[in-house]
Structures are given as C-alpha cells and as structure tokens.
Amino acid sequence: MDKETIKAHKISDEEYTQILEILGREPNLLELGVISAMWSEHCSYKSSKKYLNGFPTKAPWVIQGPGENAGVIDIGQGMSAVFKVESHNHPSFIEPFAGAATGVGGILRDVFTMGARVVAGLNSLKFGDIHNEKCGKHQKYLVKGVVNGISHYGNCMGVPTIGGECAFDECFNGNILVNAFALGICKSEDIFYAKAEGVGNPVIYVGSKTGRDGLGGAVMASDSFNEESKSLRPTVQIGDPFSEKLLMEACLELFKTDYIVGIQDMGAAGLTSSSFEMAGRSGSGMKLYLDKTPMRESGMTPYELMLSESQERMLICAKKGYEDKVIEIFKKWDLDAVVIGEVTNTEKMELFWHDELVGLIPIEPLSEKAPILNRPISEPKYLSEIKDYKFELKSSIQELFIQMLQNENINNKAFIYDQFDSSVQTNTIKADGKLGASVIRIKENGVSVAMAIECNSRLNYVNPKIGAALAVASAGRKVACTGAKPLAISDCLNYGNPQNPEVMWQFAQGCEGIKEACKELNTPVVSGNVSLYNETEGVSIYPSPTIVSVGVLEDANKTLKASFEKENLSVYLLGESLGEFGGSMVMKIQDKKVSGSLKELDYKAELALWDLLYKANQNSLLECANSVGIGGIAMTLAKMFAISSVGANLTSGFDDEKMIFDESASRAIVGLSKENEETFLTLTKEFGVKAYKLGVSTSQKHFKLDSIELNKAELDKLYFESFQEQIQ
C-alpha cells in the first residue's frame, strides 16, 4: 500500500503498523477504507475516550447508559424516556441546509432505533459575529440555512422542536456548532438494542437506497478546516425527511413484533460502523454480500457501499425464518428491504462481492479496541493573561441595560423558533420563547418531562473545568425551575484540534468538570457525543460542552411557567450574588473582552435550590420561576417581564449597581402571591436558601429595576424586534 493512499485515509504510521499486526498482511483499499473510518476520531473517540471513562453513568432510574444509540431513563409507570444530543458541525458549515437537516435526521434515528417514538427536539446553535465586515454576511447565510434545514426535517417528520439556544461569537467565525437533541418515549419493556447474535440469523438492510453522498464523512469530521475545505460539499449527506418518516413508522410497526434480535441505524461511516458495532457488541462475526445492497447509482464499488453515509437507512439482525415477515413490513411502507448478510461465529467481518471474498477483517480490534491516544496536554498560556482582569462599570446603567437586552446573545429569537413546529403531536406544555426549560406532557402516564440545553462558551474559555460544571448545573437548574426533578444528562463536547496540547488540556478539564458536577448533582451521563477538530486555519473555537438535562414532574398540571401573569405578585431572588463577572456578557458587551476568573461551584447550594423549587411547587406556593443566567438578574427579569402581561417595580438592594449583571450560579427568580409568602419563606430557611424580595408585579405597563426605567412597549420592542433587524 503506497504512503499517499495511507495518508489520504488519515492513518498514522503507528496505526498502519497496528493494522499490519491485526491482519497479518497488507490491507487492500476496501479494508483500509473500513479501518480508517472505524478508527477515525468521529467513530473511535481515540483522543477523548480516556477522559470519558470516569463519567458517572448509573442511578436507580438509569436503564441504559452510554454505549448504545441513545440513553434511557425510567419516567414512571412502566414508561421510559430515550434521548441523546449529537453534533453535525462540520457538514453544517460546509452546506448549512443539508448539514443541519441530516443532523436532525441522524439524531431522530438514534432515538427511534431504540424502539421509542420521538416526541421532542431541541438544538444548540453557535455562529460567528454577524456584525463582522468580512464574514458577517456569510454568518447570516449560515444562520438562515441551518435554521431552514432543522425546521424542514423536523417539521416534515412531525416531531416538535420545542426549545434551544443560539449564541454568537467571533470564535465561531470559522466553525459553527450545530448540536441537535431528540427525546422519545416507549414502554420500558419494549427497548431495542444494537446487537447481532445467533449464528445463521439474517442481516437485513432497510430504508433508502445507497448513493455516493456522505462518502468519507466520518473522516472529514475528524479533521480541521482550511482553504481546501470548500471542495468538501460532496461529503455532506443529503436527507429526505419523508423517507425517514416512513422508516420510523415501519420500525415502530416492526417493534410490535418479535421478529428481530437487534437494530442499528447507519450513521457516521454508514454500513461499516453499523455492521461492526452490532457484531462487536455481541462478540459475533458477520458475512455481508455487498452486491445485494440497494444502490441509487450505477457502478458503485464495495468501498463506496461500505463507506457511503446516505441517510435514512438501518441494519437489522432478524430471527432466522422471520426475514420475509420483516421485509413485508418495510415493503408495505414503500422502503427497500433486502437480506444482505448473516451472523457467524468467526468474530470476523467477511465482505463479498458477487461471491468473491474482497475483505476479511477481525471485528473486535476495530469496534472495541481502537487505538487510544495519549495526546500531550498543557495549560493554555492565555489563562494567566486574562485571570486577573476585573470588570468595572464605565457607562450609564440604563444604556448598558438597553445594549444588553438587544444584543443577539440575549434578545428573543422568534425569527428562529417561529420556523419550528412546536405543537405537533399536541404534547407541548412549554416551548421556545417561554424561557428556561421546555416541557412535554406524557399522555400515557400523566407526568411531564422537562428538558433544557445549555452551553456558555465564554465561561468555558475562562475556566474549562468550572465552565463545564456550570453547564451541567445551569441545565439542571432550568429543569428545576419548571418544578421537575433533574434526573440525567446527555452531553455534546465541542472542542478544537486535539493535536494542540492546549486544546486537549481544555478537553480534559471540561471532562473533569462534568464528572464532578454530575456526581455531586446526581444527574448521571446516559448518552453523548464528542466533536473535535472545530478549528479553521489554526484557530480553534472556545471550549463548548453542550449539556442537556432531562427531568420529570409527576403531575404535568403543576408545570411552572417563567412569566408573571398577575399583578401584585411578590418577586424574589433566591440564592447568593457573589460578584461573578469572569466571562460575563456585560464584560463582553462593554469591554469587548472575555477575561477574568470563575469561583468554584457550590454544589450544596445548587442542590438546595433545586430541592426548594421542587418542594415549593409541590405545595403550590409558586406562580412562576426562572433560572438566573447570562446578563444576571437584570436580563433574567427583563426577559421574564417582556413575555408577561404585567409591569414591574423592583429594587435589587445591591450597594454596587453593576451587581444586577453579576452571573453567579445557583440563583433563580420566583413569583408568588402574597398569601403564600410566609409559608414560602419558612421553606427557604428549611432548605438553607437565601431569599431576597425585589418588589412586585404591577398593573402599570412599566418596567423599573433600581434606576433603570422603561415603559413596557420599549422593553418589548428591544427584546422582541431587535434580532429580526440584525439578521436581515
């Protein structure tokens, strides 16, 4: 095998030596392609696995942790929630519509492959500077393309997109982030797994035909961008949501039978990863007759068929004798379904082309024992330069308040979420635009499931460990503010080039923060994804671990809103304000800097706040609640009253006026009626949570916080209309 071919497959000299040892010979081109895909960063996690191993993954309510298509938790009365968040960053930067659409398609398949009907989607989107003279116009194009792709696929599938977050920073000018989350519901006894066992059991290909789209996608997602990346459009998969809808319905019909052993969707690396993962998890072997694969294009080769990432495809291991019944179901839904192989006990993948053996590869070394890299790490030099920076107010508090409320990182994103159907399936209680976590009702058992997606990249730049821990805490706090109990998380770890020791240090620190927070807050990791090489021309993104927290509220009718719907409600700030300005939004807007330091998270205070919110809501003491996030209590209150029908007369009580922009963790704003105040304050003392009365909601259409005064119409205009103007 010549060196240029090996290099083109992103195989290192050490890895090639390992391949020779595994095979006992030189690989052919097909085998090299298969191994390079399975050992790519995207599929093997070779740079990240050593840091992920310590994640807490178990709890009494966890049914399935990491290692399957999605995580599964018990939500009561024999029902389970199945969920995962995943990235489609590189394809979405190259071709925003198709990249984002297929990102949604992929995550939906991960969930319904487990036997669940998908009932909700979220997304976390990061774009570059839309005001930048050089790239601002292109960033707006990316925003519109990505949003259009997500809405097209989700809406066509009949899956409500009920929430998300969207942020802008120049660190994303060369690499945007598109993280998609899906959650499904099924009976706990009806979960399906990705396994292929039982010698002689047929392996069935179902779904759309295979084309040349997406070739090399897993390898492409394991590299950084440069000038040549513009030629990568052919590696972006093309999605067809109508085919996926048929595939989902066919699978859900199949799951009602006992015809199959296991099922796996064909995602990154296509037929290669699905076949190797199913056989690898089961300790089996497999024969695949590649010429039987349904093909969309003529003249396709075994190499192309194994590595194509054409969408809307699944691999099924059926029980012997039931293959015709399986095929009949998929034919009924107008989908291809063909037996293309069988399970063996050889622990090898045998690839045939018109009855000729064209590839023979041991399965375990590829699926279970990919190389684990021990990359060098070093603390970034910039940290010592930024840590001592202190924020001081330089402009009028009113001017700064107005600047912040209309900033694209804070203002309302109706331009985005209005394109998503949030009410299809009629389960949605709280959707995008209503602040905080999103909530759906589970009709089968009367509970509600709350979910929140969170990632503050600036905090992770300032301190990668504490920043990651804060993401776990913040996502959980948003869930707690609906009245639900946070139970588990899914993570999507977006970082720069792992070949840079400073990036690997950021990643290692981020994993430590997640481990610590999940352990202390008792929200285990049940699924996740790693996206590295988010770098262009040597410039990496800020560390961006996206966390989705999922929780359950036993009575869906008790779901808390984030808006004040009545006058004369008492407004309280819960938790301590510690003067946290490191990586804050107010510093970014006023000083154009991302600097400072972060205090360690007080997990006892965080948990006490969650428990207080849960108990107070169970006792029907609260009218509304919202987590304090970016922009501090100033922006949290402004947004809550912008989506409310009443005004506000509030006094922070801070001696230093800039403290209204402090971003300390473990805080929430709540509203309650005056007759419940005494009982509530007794409860706050019981849980050890400080409560500060800020004022009341009023009938006057006016917003007042300390010296800041706006009429309600001005407040609403700043919050609701500014993004529409910025994105045009």
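Cβ atoms here come from the backbone N, Cα and C positions, even for glycine.
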ATP binding in Swiss-Prot involves Y45, K84, G528; of D2, D13, D491, the partner in that site is D491
To the nearest whole angstrom, what is the C-alpha distance linking H42 (active site) and N529 (Mg(2+) 1 binding site)?
9
Cα of D491 (ATP binding site) to Cα of D110 (Mg(2+) 2 binding site): how many Å, rounded?
15
Considering the recorded positions H42, K84, H88, R109, which residue's Cβ sits among the greatest number of other Cβ atoms within 10 Å?
H88
In whole Å, note down how far the CA of E86 (Mg(2+) 1 binding site) lies from the CA of G528 (ATP binding site).
7
Given the binding-site residues E86, D110, E309, which one is most crowded in terms of C-beta atoms within 10 angstroms?
E309
Among Y45, D110, D265, E309, N529, these being the binding-site residues, pick the one whose CA is nearest to that of H88 (active site, proton acceptor).
N529
Once Y45, K84, D491, G528 are set aside, which residues in the chain still have Cβ within 8 Å of the Cβ centroid of the ATP site?
L52, P66, V85, E86, S490, C492, L493, V525, S527, N529, V530
